[in-house]
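If you check TrEMBL, you get these features:
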- 28-49: transmembrane segment (TRANSMEM)
- 69-91: transmembrane segment (TRANSMEM)
- 111-131: transmembrane segment (TRANSMEM)
- 143-165: transmembrane segment (TRANSMEM)
- 185-203: transmembrane segment (TRANSMEM)
- 224-245: transmembrane segment (TRANSMEM)
- 251-269: transmembrane segment (TRANSMEM)
- 304-324: transmembrane segment (TRANSMEM)
Amino acid sequence: MNVMPKGPPGPPLEQAEPAPARRSRWRWFGPVASVVLFTASLVVLWTVVSEVDAAELRAAFRAASEQQILMALAFTALSYMLLTCYDALALRQLKLQIPYGTTALASFTSYAVSFNLGFPLITAGTVRYWIYSPKGMRASRVASLTVIAGLTFWLGMGLVLGWSLLREPESLAALKGIHPNINRLLGVLALSVVFGYAVWVALGRRSVTVQGWRLELPGFRLTCGQALIGAADVCAGAAVLYWLLPASNPIAYEVFLAVYVFAVMLGVASHAPGGLGVFEATILLALSGLPRESVLGALLLYRLIYYLMPFILALALLGGYEIVRRIRLGRAMMAERDEDGAA
């Protein structure tokens, strides 16, 4: 990988236009990949639903109050709404004007699917290409958007982690068994990476080149927006699980944020869909002072509310989108035939 300093401006992520024959072959990639992804999503959905123990789910719902469920739903909606800003900021960097309705659909469905299938660069990128390509976006631009959106996520994670570690080093030491000074050091390191990156892009136009592909990075103002939006999304996602924990939970939200970020990071590193298993194990270990059954129930509800429900809605939206798109395409083809016949 080659990091390039300030230089002449260029498109955020570009490659030479394909030859006509090559373009013809790639024309089928989008529809085929969409069908494969949609089918895989249905299989995963069926597998996940079939493995849910109905008795455990009912017990978790009975243990949670109505207020807890409503607050978890509200913060889930807020988190996914903030995720649409990931795409909006990336589109601004790419200097592309896409209607917000299309942006919201692409962002929500891509994240809901990738959270459950894993491998976000592939799954989220495929869903985005499915929705953005009819608007004229090339695959290279969709790839650029996906990378920039991922950068927003990691900037937000670093900002929240650093703030939490510096704000509550002693409380986190009691949970994790790590000395407060180490927590402070990790907090400074996390914030240094975020602020250092912001200063680096502020000093001039920056781009990254990987095997002939060139990605122009967002400037300082857009980077600050990415960090703030990403941090707000991380806080909203953490609030979903925090509200579902037992009412007797003595852990402050500021402390829980660092635990949540660590769990998410380990889940991402595991490459398991949604960090399944790794995320839960980390939360259970960090919150070992709480009743194990109550934490397990909260985690089960969290998976249902934050992952499974949006996943089901995303599949319904993608199915409806494809039906409407094909109807419009059919009408356009019929109108074109009528015009040719009249001529």
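Yeah, the Cβs are placed from backbone N, Cα and C, and that goes for glycine too.
Small disclaimer: the values here were computed from a predicted structure and weren't measured.
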*When you scan the chain for residues with a C-beta under 8 Å from the transmembrane segment (251-269), skipping those not six or more beyond its ends, what do you find?*
157, 160-161, 163-165, 167-168, 171-172, 175-176, 183, 234-235, 237-239, 241-242, 245, 275-276, 278-279, 282-283, 286-287, 290
*seg_contact(the transmembrane segment (143-165), the transmembrane segment (224-245)) with at least 3 CB pairs under 8 angstroms, min sep 6*: yes
*Cβ pairs under 8 Å with the transmembrane segment (304-324): which stretch of 69-91, 111-131, 185-203 has the most?*
111-131
*Taking residues 6+ outside the transmembrane segment (185-203), which of them lie with a CB under 8 Å of any CB in it?*
6, 155, 158-159, 161-166, 169, 217-220, 223-224, 227
